[in-house]
Each structure stands twice: as structure tokens, then as C-alpha cells.
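*Asks:* The structure under discussion is supplied below as C-alpha cells; questions concerning it will follow.
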Amino acid sequence: MPAACESVLEDIEDIVSAEDLKPHDRQFVRRHVFPKVRKRNSQKNIQTDDEPSSDSVIPGVQKIWIRTWGCSHNNSDGEYMAGQLAAYGYKITDNSAEADLWLLNSCTVKNPAEDHFRNSIKKAQEGKKKVVLAGCVPQAQPRQEYLKGLSIIGVQQIDRVVEVVEETIKGHSVRLLGQKKDNGKRLGGARLDLPKIRKNPLIEIISINTGCLNACTYCKTKHARGDLASYPIEELVDRAKQSFQEGVCEIWLTSEDTGAYGRDIGTDLPTLLWKLVEVIPEGAMLRLGMTNPPYILEHLEEMAKILNHPRVYAFLHIPVQSASDSVLMDMKREYCVADFKQVVDFLKEKVPGITIATDIICGFPGETDEDFQETMKLVELYRFPSLFINQFYPRPGTPAAKMPQVPAAVKKQRTKDLSQLFHSYNPYDHKVGERQRVLVTEESFDSNYYVAHNPFYEQVLVPKDPLLMGKMVEVNIYEAGKHFMKGQPVSDARVHTASISRPLAKGEISGLTEEFRRSAQNGTNGKAEPSAEIPVKTRLSSWMALQLPWQQEGGGLKILSVSLALLAVLVMFYYGGMKTEL
């Protein structure tokens, strides 16, 4: 158990086991809990240089499998949790069967996503795995029956994932669901400089704010993420700089509504973007996340200038959800169809070639055939190259769930009709023969190509040449499909390497200081599993000394308090001895 266990037990919630004190007893003694070492009488139970058993509580022994559903914000949270656990010594594995603990990071947007989450919990329990739950589902409804007795880490508590995992491995049920606050003001969440393991070492996902200013009647995410809380500009810029120093060549800005950024801290999205553009190296790109129409309207001029910048993708995701004003009113979307059209028309005029992606919900309560036909006309008008079509699912606890529902067969048919319309046109056919500049960042799902994106964030498949990965190259477009183009690199074109340093290896931890790296190397031989060459007692001492920087808040004060207490005891004994002599 690490030396930090006093601070762990000081405020961790709902630790449940038969041996634990009752709540009223624990309230009295919670500030006086110290780590206790069990003595073993049997010589055969003493471990020295051998590897600890799989049920040991020594950090770094257990293997953890992490599964994330949902948006890029959720994926960023998952990367941060993986980084902290790996930095602390746990082994992150892709093999769920060999894992000792499953960390399930959920999404609450639609019923199918929660169903997958629930099924994974059941599978973990059947496999006798320890389970920690994260994400929006348990944050929004922690008292659901199928969550009983399971550990939960809230969306704003991901910097404490190590504590929750440790207690869960020991057999406790732990729940941390509080909000981050500073002088009573809600913060954007956990610190941005935490260690993380990027799913793709070339792409950094930065959450610029959490929550939103809306109260959409169908949205469950609001119950989990809450009201708008933005990160300061300087912290976001610092995170971007660090990412580029670690070999990242593409940054995604994400949140529940990027357009609302800064309204709670006296700034705005364009101000942030201009600061970020200053630190983007040549050959790297910035992609903006989703923004709702109301909060982009007042910044259209500045946003057009930013989206024309050569290091910013001319791409914007603006969900319309419906082209019927009456449906939008029932959704409480706080804009009308004319507002959406104004944003799209302005940006199409000022940012030639821009990609506008949007979302549509089919079968929202009260949607008539006439309402749906208005939505079909909107799609026909703009022929969105990227369209996210969602059949309406009533989410428990939302106002929309209590409204009169559209029959399931009607919802299904409308979803089918809109999908057929979307697939009736090919947005990229006219681009065959073009010469485009693309940034190569990942591998295709079928592993046959590398995936790149042109300045409009349109997907371009290129040959699997390892020399292209992480590079910005020019290609000739020779084929187009519904969702992609195919390009052949131009032999005489200049290749841009964005990274100012070598990209991290897949699975390598981002954000560790050199001091911590050296300490971890000395304490664990640079591996997740404790080294067999170092006695267990030594390894324990090493881990106890190796508190992570983000877990040391208040540590100096505790050391000072203990030192003063020891000094008082020494003084008392000293004067007591003098009185005895007298």
C-alpha cells in the first residue's frame, strides 16, 4: 500500500466491506488512518525476491483492460486514466481475458451504448473480474440496480482513478462522483497535464470545457457533465505545446459544445483558437469539435478567418437535429432553422470548400410527417458529406422520455428514408484528378491503407508506406467513394514532418517528467511488473516514495504536521527526563 494511503482513505467515499467501520464511526476516525503492515508468522509465507501473487495489492502487479464508448471527450478521459494507471505501475492490456480488472468508460447518449456497457459489466462479473465504472452512465444515474456494489469514478474525478482501482482490487466498493471546484466555482475537470496514453500517438484530444449551457429535452449527457465549465486559455495552450513536443501532429478540440467555450470565464472560442494557432508547427493541423448554432452566430467573422488558416482544418460539426422549428422548440435547442442556415451559408461563402457535418434525430416525440419532410429537404439542399443519423431513443430521466412517442415503426422508417437520401449522392466524385495536400495519421480499419485527411478534413486513403505516417504529403486523387477518396503520393512533392521530436511509441506514457521517469526506472526497471531482482520490501519502499506529482497536493502540509508532532513528542520526553533527574 503506498504511503499516500492516509490521504486516500481521508476522503474516499463508500468503501464497503464487512470489516469496515459504520459511517458514523468512520467520520470520527477517518483523519487518523495509517497504513498497517501485517506480520506473518509462517516462514513459508514470506516473499522476498519472488514475484508477488496475482491478488497482491502491490501497485504494478495487476493487469487492467480499459474499454471506452462514446465521444472524443470520453476517449480523452480514457486516455488520461490509462496514463495514470500505467505511470503508477499497472499494466494496461488489450487482452480482456488476462486482465485482473476491467475499467469500463461508458456513454449515455443512446440506449444501445448503455446496453453494451451493461452487458460488459455482466460479462466481467461472470469472469470473476474486478470492475471499475466510469463515464456518463454511472455519473448521471449511480443508483441504478445493475450498478449496485460496483466502484464508480466520476467524470470530474479521473485524476483519482489510481485510488479507486487500488481499493477495488482490495475488495472495496468505491464511489467518487464529486465536482472539481475552486473557491466555489466549478472547474473544467481534472488537470490537463496528467499522464495519458494516447490511443493514437499522433493525435492529441484536448477537452477545452465540460458541460454546456443548454437544457435539451432529450439529452442525458447534461445530467452527467453538468453546466459549462471551461479551462483557462494558458492551460490549453500549454497542453498543445507539450503534445507537439511529444511528436503529435494533429490536435482535436473537444467538448459537449466548443462554441460555448469561455462564456463562464470571460473569454470566447476565437480568442482561444488564435492563441493555439500561434503554437502549431508547420505540417501539423488543428481540428475543431462540435458547436451548436446559437454560440457560433456571434463569432462568424472570426471563425471564418480561423477556418481559413492553413493549419486549421476547414471543418465544422454543427448539429441541426431537425429542420422543423416546432420540433426544435420541443427539443429546447434555442435556435431556429434559419439560424442554422445562416451559419452554414456564411461559412460556405467565406471558407470555400468547407466541410459541414451535422446530426439529425429521426422520430423525436411529436415529429409529424410534415416536420420530417422539412428535414429531408434540408439534407437535399446542402448534401452534407458527413451526416450522423440517429433514431430517437427516450433516455430515462429526460423530459423527452415523458412526451408522447412516435411509433417505433415510424421512427425506423424515417431513419431508413433519410439514410437512403444520404447514400443517394457522392460528395467527392468531382474531386477525382485533384492534387491535394494530406496529413497521414492512422491505419484504416481493414488495415489495407493509411488514413489521411486533406485541408477540409475529408478522408483520403493512401498506400501503407511507413515513411508517410505522421507526414504531410501531396497526393493525386484517383478514386472516390461515399466516405473517402484514394490518393497516390506525388514523387516530386515536398514532405512536411510536423513533429519537433520523435512521436511516442504506441502505449508509451505522455506527460511524465524526466525526474519521474528516472524514479520509475530505478524503482521498477521501467516495467509495469515489479522486477524479480529487487526484493519486495525494497520495491514497496520505492513505490511508497514514488508518489505521483498529481497526488501530492497537500503533501507538504502533512509532512510539516507530522514533523511538528514528532518534535512536540521529543520535547515532552526531553523535559520529562529533566524532571526525573531533578
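Just so it is clear, glycine is given a Cβ too, placed from its N, Cα and C backbone atoms.
As annotated by TrEMBL, domain 'MTTase N-terminal' applies to 62-170. Here TrEMBL flags 198-429 as domain 'Radical SAM core'. If you look up TrEMBL, you'll see 429-491 marked as domain 'TRAM'. Annotation source TrEMBL lists transmembrane segment at 556-576.
Give me the local environment of each listed feature.
*Replies:* Helix, strand and coil content of the domain 'MTTase N-terminal' (62-170), in residues and according to DSSP, is 53 helix, 23 strand, 33 coil.
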*Asks:* Could you pull the average pLDDT for the domain 'MTTase N-terminal' (62-170)?
*Replies:* 91
*Asks:* What is the number of residues in the domain 'TRAM' (429-491) that are helix, strand and coil, as DSSP sees it?
*Replies:* 6 helix, 32 strand, 25 coil
